Amino acid sequence: MTSLLSHLVSLAFFISFILLFSSASSNEERKIYIVYMGAQHSSQYPTYELHLNLLKEILVNCSPSESLVYSYQRSFSGFAAKLSIDEAEKLNEMEGIISVFPSKTLKLRTTRSWDFLNFPQRVSRNPALESDIIIGMIDTGIWPESKSFSGQGLRPPPRKWKGACVNMTCNNLGDYMLSEPSPRDFQGHGTHTASTAAGRTVSHANLYGLAKGMARGAVPSARLAVYKVCWLFGCTDQDVLAAFDDAISDGVDIISLSVGGDIAADYFQDPIAIGAFHAMANGILTSTAAGNAGPYRGTVSNVAPWTLVAAASSIDRHIIDKVVTGNHVSTLGASVNTFATKNMNDHPLIYMQGNATILPGDCTALPDINIVKGKIVLCKYFSDEIFSTGIKGLIFIDDSSLDVSDLYPVPFITVSSLDGLNLLSYINNTKNPVANIHKSEEVFDSEAPLVASFSSRGPNTITPDILKPDISAPGIDILAAWSRVAPVSGIINDTRVVKYNIISGTSMACPHVTGAAAYVKSFHPNWSPAAIMSALMTTAKPMYPSARQDELSYGAGQLNPVKAVDPGLVYDAGASDYVQMLCNSAYNETMIKMVTGDASSCSGSSNGTVRDLNYPSMALHVKSGKAFAAKFLRTVTNVGGARRCRYKAEVWANHRLNVAVNPSKLKFSELKEKRQFTVSVSGGPLPGNSTAPAMVIWSDGKHQVRSVMVVYTD
């Protein structure tokens, strides 16, 4: 079995590199560009032929068929092709082209987590409708043999499903498709995210005894359509856009994408924003991850207002570890160390002292592996190469990531800088320093939920007055299904094989939000993507500012799926509302018409701002040191079950803000009735790099419809 697994892993690496190099043109000056043309338009040519003809007009010494990588034609129009810079510029100047941009490589961004969200296994469900929900997972693929994806007891997929099973045997839980040569998951990431969103219930799931319990997704009877776009080298823009093109046409209800770029990009040069816009126009909600570039401001990379963006936060189970030195002193830290504690089996403990070219504590450039072989190494910096040197363990000094427990091929622990100094003192004052890193254990974390240190923060750098991330969800130490051929730690020389694994990231938060959205949709199948977003955001459990978090990091607060089924009021929006927001953002009307494929236009009489988008949260970017005043126009729809009801506005605001709601009372006489109101905010000068929060809560005695507000400066 081990031999077979190693061959499969080797094959996966080989295939990944073949795919990577095959993406490059034989002409070194050419690279892959995405040519986006908006919605499908009528033409004298079929879409594929149209794309070839456009290429024929601009290509030099290359045939259109050799250049074309993808023709997007099922849900929107565009293509990916190998082009020179000059050829790309010529295309960009042609009529009917919205944008031309280089394809980038994007990055991939639970037994206890659902219980922590007060979402128990026996929660009230709508089984018939839940079984008809199809979640499109765009990721690294899936390991279908996992018990989390058993199709036992499920009827065939719903009639609305128009997709197909490609290069894999599929079951009634879902189809696994879109990939060459196979959608099988060799990395584990896609299997983990899919099982978090919609995995079947599996008892006694654990990682070497850690986090033992019942593994399950939010909607265990929902269906999964898996689109593999990510490989060892990452996820390319052209593959992501192809997955959106297929998923929309296939008939999925929700798209989940734990992927993102390094920085936020213009909406129509961002494949996720492009694909998600067309998904929204077809009634499909896209759930995405904020990114793992925190704790720095302005690092959230998925920011389109028609997407639901998840930050990562902690749950009340934290996995810790300890290292015991030869003087019997125990030092606590964080790690997922699965290796059994071996008493009386201490190893030499060393610290890289550095020299003229190497910094003290730098374990990235080892002059001789024999220096570290057979030893536990204390490091301030390291790379994965050190795990191939024969070390017996690694102690990492890092104050910034003590809230996250990482997993490596050898015993590992992260400690604080103060504890690092104490360990260094022990090394320098002991003739033969030794240490033993123990197996990890679980402890209760009473402070949860707190935003993860790695979780990307706002503000939104593309549209500053739209708050992103939208919501926070569990993303630290999450146990879920894993590929049986993927290294547990993601590092090549790790030979451990597991069915379930513990990892962290906004990638783990995203499928929690996806699953919750699917749960809401199973009760309200006709709700728009914006209505589902609103329900999740306005019912979120409040989180509060501190030295390490604020509204720019957690958005509306902690996900609360059960409450979201009955939000009372929703802030609804459709394609026309997002079009008006784009108009208010100074996007070209001709471009907008091409994107939508209809007669959408910018109202000439409108003097609106992006703040007029009917969004469930409110953000205001102001200049530091100057007084400010602004208004937010909002409309709510009654979905609370009672035809006749009255809501009253309650306001909480930071002492530096003056917030008023007009009118402050709303009366509804029918379901689906709409009422409009205005929120005004003003205040004195705010210092630089600061935030001032507020919230508006509409209450009818049963429902609490909470909208967060944040005013911030650079």
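Indices start at 1 and increase along the chain as displayed.
Backbone N, Cα and C define each Cβ position, glycine as well.
Going by TrEMBL, these are the annotated features:
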type     : residues : note
ACT_SITE : Asp139   : active site, charge relay system
ACT_SITE : His189   : active site, charge relay system
ACT_SITE : Ser507   : active site, charge relay system
DOMAIN   : 33-108   : domain 'Inhibitor I9'
DOMAIN   : 131-546  : domain 'Peptidase S8/S53'
DOMAIN   : 612-711  : domain 'Subtilisin-like protease fibronectin type-III'
SIGNAL   : 1-26     : signal peptide
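What TrEMBL annotates, mapped onto the structure for a quick look.
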{"residue": "Asp139", "record": "active site, charge relay system", "Cβ neighbours (10 Å)": "30"}
{"residue": "His189", "record": "active site, charge relay system", "Cβ neighbours (10 Å)": "26"}
{"residue": "Ser507", "record": "active site, charge relay system", "Cβ neighbours (10 Å)": "29"}
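Across the domain 'Inhibitor I9' (33-108), DSSP helix (H, G, I), strand (E, B) and coil residues number 24 helix, 26 strand, 26 coil. Shown for the domain 'Subtilisin-like protease fibronectin type-III' (612-711): DSSP residue counts in helix, strand and coil, namely 1 helix, 61 strand, 38 coil. Note: the Cα of Asp139 (active site, charge relay system) and the Cα of His189 (active site, charge relay system) are spaced 7 Å from each other.
Residue pair Ser507 (active site, charge relay system) / His189 (active site, charge relay system) shows a Cα separation of 8 Å.
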